[in-house]
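Inspection log for the structure reproduced underneath, given as structure tokens.
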Amino acid sequence: MSPPAIINPSVLSADFAELGKACRDAMDWKSDWLHLDVMDGHFVPNMTFGAPVIGKLRKHVDRPKEAGGLGTFDCHMMIAEPMRWASIFRDAGADMYCFHYEAAVTSVGAKDPADTQTTEKCTPKNLIRYIHELGMQAGIAIKPKTGVDVLWDILAAEDEKERPDMVLIMTVEPGFGGQKFMASELHKVTALREKYPNLNIEVDGGLAEGTIDQAAEAGANVIVAGSAVFGAKDPAHVIQVLRDAVDKRRGGEKL
Ligand SMILES: O=C(CO)[C@H](O)[C@H](O)COP(=O)(O)O
Ligand SMILES: [Co+2]
């Protein structure tokens, strides 16, 4: 059976002037995690917030989930140099540091924003190892134009410290909330779920009541939803619908 449903609202669609309230609301609505979209204006054509904001939000979010809080701050790092910023986000309170494969393979392995000397290349496996050494969980994301094939070698790393805890399949082009769900990406989820029954597989972009069944059927269990939750009249109901769809697939019931 695939892992349990993890419903993960993205604050990208919340009122940025009231992010503390958005976190408290997400807890009240019985979310499992909180998804934080970090955008740098280089890797994607948009900017959001960085570690200082995440550090402040931590104060609004109780742990653990069992006590009514949110267990995991899931930081979706849409940034060009993911190795450079990992320790800073760890210090701010990130639990899951989910970087983009495309950014990792085109950046250097400097571990400090001010380091201009390092020229050694970053690799996904080295970055995953480093994220684990920092005490965070490691996620790896791929954009719609990146094939799922790039992930096989990383998932099969001999050393478990170099294997990701979660894979994120983007179902929109990263950069903006409220875009149309790309069902064309779900074959990647199906392929991953076939090979890795226990892996946390996250989908992000355009997930809502009308699209969740396809994603759940493909095998996704970590569900990001921004506009569908923060734009809803009854966000707690939407979260329940998303959870039920994943749980039905887990129970073997055909959707
Ligand atoms: O990573 C993202 C965009 O790059 C967001 O997490 C995502 O788009 C969520 O928003 P919505 O559910 O409205 O599509
Ligand atoms: Co995201």
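Glycine too: its Cβ is placed from the backbone N, Cα and C atoms.
Sequence-distant neighbours of S227 (substrate binding site) (same chain, six or more apart, CB under 8 Å from its CB) are S13, G177, G178, A208, listed in sequence order. The substrate binding site annotation in TrEMBL covers S10, H76, G175, F176, G177, G178, G206, G226, S227.
The divalent metal cation binding site feature in TrEMBL is assigned to H35, D37, H76, D204. In the three-state DSSP scheme, D37 (divalent metal cation binding site) is classed as strand.
Among the features that TrEMBL reports, active site, proton acceptor is placed at D37. Cβ neighbours within 10 Å of D37 (divalent metal cation binding site), excluding its own Cβ and spanning all shown chains: 24.
Per TrEMBL, active site, proton donor is recorded for D204. Within the same chain, residues at least six positions away from D204 (divalent metal cation binding site) with a Cβ under 8 Å of its Cβ are S10, H35, H76, A141, L168, I169, M170, T171, V172, V224.
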Fill in: Cα-Cα distance linking D37 (divalent metal cation binding site) and G206 (substrate binding site), given in Å to the nearest integer
14
Worksheet item: So which of D37, G175, G177, G206, S227, listed as binding-site residues, have a Cβ under 6 Å from an atom of ligand 2?
Response: D37
Worksheet entry | Inter-residue C-alpha distance, G175 (substrate binding site) and D37 (divalent metal cation binding site) (nearest angstrom) | 9
